Amino acid sequence: MKRVSSANVFSTIATTTLLTSPYRPPDKGNCKSNNVKVMGNKKTGVHGNVADYHVFNGGVHSGKPSFMKWTLNDVVNVVRSHRIPCVFAVGMVFFMYVEYTIRMVPHSSPPLDWGFLLTRSFHRALASRPLLNTVLAALNTVFVLMQTVYIVWAWIIEGRPRATISALFMFTCRGILGCSTQLPLPQEFLGSGVDFPVGNVSFFLFFSGHVAGAVIASLDMRRMQRRGMAWLFDILNVLQSLRLLATRGHYTIDLAVGLGAGILFDFLAGKYEQSKTTKTSTFSRSMKEIC
């Protein structure tokens, strides 16, 4: 922690002090310069002397802890204005209780997976009808090819590499994680020679590349206002997930992380594109100035 001079802080106090009471809506009047008074050689802001402010990670923070400024209205406003975080707070407490009281699965037993439990009837139907299992596996392979064609098409034909970059990021990370922790193949796994990857070859369980690839394609479709195609891919992705659970081709956690991975790597690919565009723009402006 370092003490800063009044000159460095004076121009920013009117806005930064609003952050010291995050639960009340900002008062537009606090942003006006007349809320910062000069008293002798000291400059005073809406929450006290400038000398009382210190720099933490580039921001300005008053010497008093934030909770000392809270009022009953602040607490009420938290519940009214931030309902989703409050729900998650309750969820955190609940699952802390569950975690510390749940019975652990013995090492001699297979993993407990609620997705497997909910798809037991579907699993029995596929196990008793090998032809149906093969047809669904073939359709799933077609869906994977649809994802691949779209992602490559967006780059090769339309000149938009973001989805391809996202897929490259995703599959590389998936390979690293898949090698780091190799989960056991579920005992009731129903394989098929036409399932992707074709030929009953080995594959990584964590996380699902099927789901992540479909999410990446769907997000790109939405950026291009192809909402009908995006909804189609989302529906097929849900059906694909049900089939993967029923065939025991993935654990539930593989599918959930696959969904998050698709969103994450699409975001990272966008950041990568943005950084390259910014550098190119800066270079172009520099060349124009030189010329």
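Easy rule for this one: first residue shown is 1, then count along the chain.
Positions of Cβ are set from backbone N, Cα and C atoms, glycine also.
Keep in mind it's a predicted model, so treat the numbers as computed, not measured.
Feature transmembrane segment, per TrEMBL, maps to range 163-183 of the set 163-183, 226-246. For the transmembrane segment (135-156), the residues of the chain that approach it from at least six positions outside its boundaries are 126, 162-164, 167, 192, 194-196, 198, 210, 213-214, 216-217, 220-221, 233, 236, 240, 243, 247, judged by C-beta separation under 8 angstroms. If one looks beyond the transmembrane segment (163-183) by at least 6 residues along the same chain, the residues whose Cβ comes under 8 Å of a Cβ in the stretch are 150-152, 154-155, 204-207, 209, 212-213, 216-217, 219-220, 251, 261-262, 265-266, 268-269, 272-273.
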